[in-house]
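Annotated in TrEMBL:
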type     : residues : note
COILED   : 69-96    : coiled coil
DOMAIN   : 104-161  : domain 'COS'
DOMAIN   : 163-267  : domain 'Fibronectin type-III'
DOMAIN   : 278-473  : domain 'B30.2/SPRY'
REGION   : 290-331  : region 'Disordered'
COMPBIAS : 297-308  : compositional bias 'Basic and acidic residues'
COMPBIAS : 309-322  : compositional bias 'Polar residues'
Amino acid sequence: MSLKEALQRIISTLANKNDEIQNFIDTLNHTLKGVQANSSKVITDLDEEFDGLYSVLDEMKESMTNTIKQEQAKKSQELQNQLAQCTNALKCSEELLDFASRSLDIKEPEEFSKAARQIKDRVTMAAAFRLSLKPKVSDNMNHLMVDFSQERQMIQTLKFLSVPKAPEIDTADCLVADNCVTIAWRMQEEDNKIDHYVLEYRKTHFDGLPRIKDERCWEIIDHIKGTEYTLTGVKFEAKYMNFRVRACNKAVAGDYSDPVTLETKALNFSFDSCSSHLNLKVDDSFVEWDSTGGKSQETKVKGKENKGRSGTPSPKRTSFTSRPALARGGRDRFTGESYTVLGDTVIESGQHYWEVKAQKDCKSYSVGVAYKSLGKFDQLGKTGTSWCIYVNNWLQASFAAKHNNKAKALEMNMPDRIGVYCDFDGGQLSFYNASSKQLLYTFKTKFIQPVVPGFMVWCGGLTLYTGLQVPSAVKTLQKNENGMSDSSNSLTSAAQ
């Protein structure tokens, strides 16, 4: 190794380390802000909880005070009534005593006898002799006394909630397959108060620890009862995904687990509108035949109707007096009868998979790959630089594999959705029924140039699905097929 190469490696190592340290500084700053914000929040929550306690105590005090006052009023009323009765009885008794005393001075026997009878009758009816001289109520209020010593002890035991500890994600039990991600975790200590778990994830292009800056927001999956969860149908549009999980009891959530990063690499590409035929209306993942395409930009020149010049059914051929600007990468738009659009990503190594679904009324389309050198008039499958599956629903239905202007009819039902598997290094291009994973056809060749996904569509539209891993079923079929030296579905001659 030269000194320059060694220095470049040192520079690369230092740059990576600086980037790692900067990310850690960002993490610390983010955590510091989080501590400040969360501290303010829990203090506010604490004030609210104590205010709630104060409110309950005030309400209880008011209620108990009212009870005492009601008891006081009740007893006072009873005693006031009894006091009034006794006062009246005493007054009547004193009047009778005075009358009896004066009667002793009466000299006339007859008057004395009359007075004596009156006194006797009044004594018999006197209220003083019918009164109870015992208070109806006592002054004892001890039954309304309180002792809050136990409650004070309970209040003195107030403490912060018991927070679940952070789970630990077990990367050995995590699985990434078929655009599904299974995450498994465990608690470091048994905790029977855990009610559920919260899983959070986000897509990223960075390996290692999650970045703070320029990252997507965390997606949340709440109320997971077990210690494993599978995300299904995930589009792998980023190289990696970050995951973290936290445990929750009935009251509070615990700390997050240490985040883990899993690789979710898959081929992502869109239709390249810069190279598409002007009769194609192109979006990132949808292409549709448009018979009026290019009329607003080009001057249409009437041409002869093309009858049977190619295997691709064609409407009236349209030519243009001028040519549109060169597309991205310096190539021309497809024109003439080549109603073609390429993908915007080059494949030069590895194994990749994508799917295409045609509209129900689509009359003709092709799906495959081609070298970037495919000419602007060339049709997929009609040159030695392109390989495809061709579907024709116009006039006479046909389903075939095409390469180098040779076609192999396929004796099977046309699927609604086609899966394309490209093994660049292994020189293999296979097509599958995307739903059943039935193998439709396999080309075997040696790719001598990078390839790009290619698509042809006429009178209809195609929807593109990318960000897909190679399905497990396809991997298994590929292994089985590669183990068969003479596969009936794999015609080497058609791929040369």
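Every residue, even glycine, has its Cβ placed from backbone N, Cα and C.
All TrEMBL annotations are machine predictions without curation.
With helix defined as DSSP H, G or I and strand as E or B, the domain 'COS' (104-161) counts 31 helix, 0 strand, 27 coil.
Same-chain residues lying 6+ beyond the ends of the coiled coil (69-96) with a Cβ under 8 Å from its Cβ atoms: 119, 122-123, 126-128, 131, 133, 135-139, 141, 144. Taking DSSP states H, G and I as helix and E and B as strand, the domain 'Fibronectin type-III' (163-267) has 3 helix, 49 strand, 53 coil.
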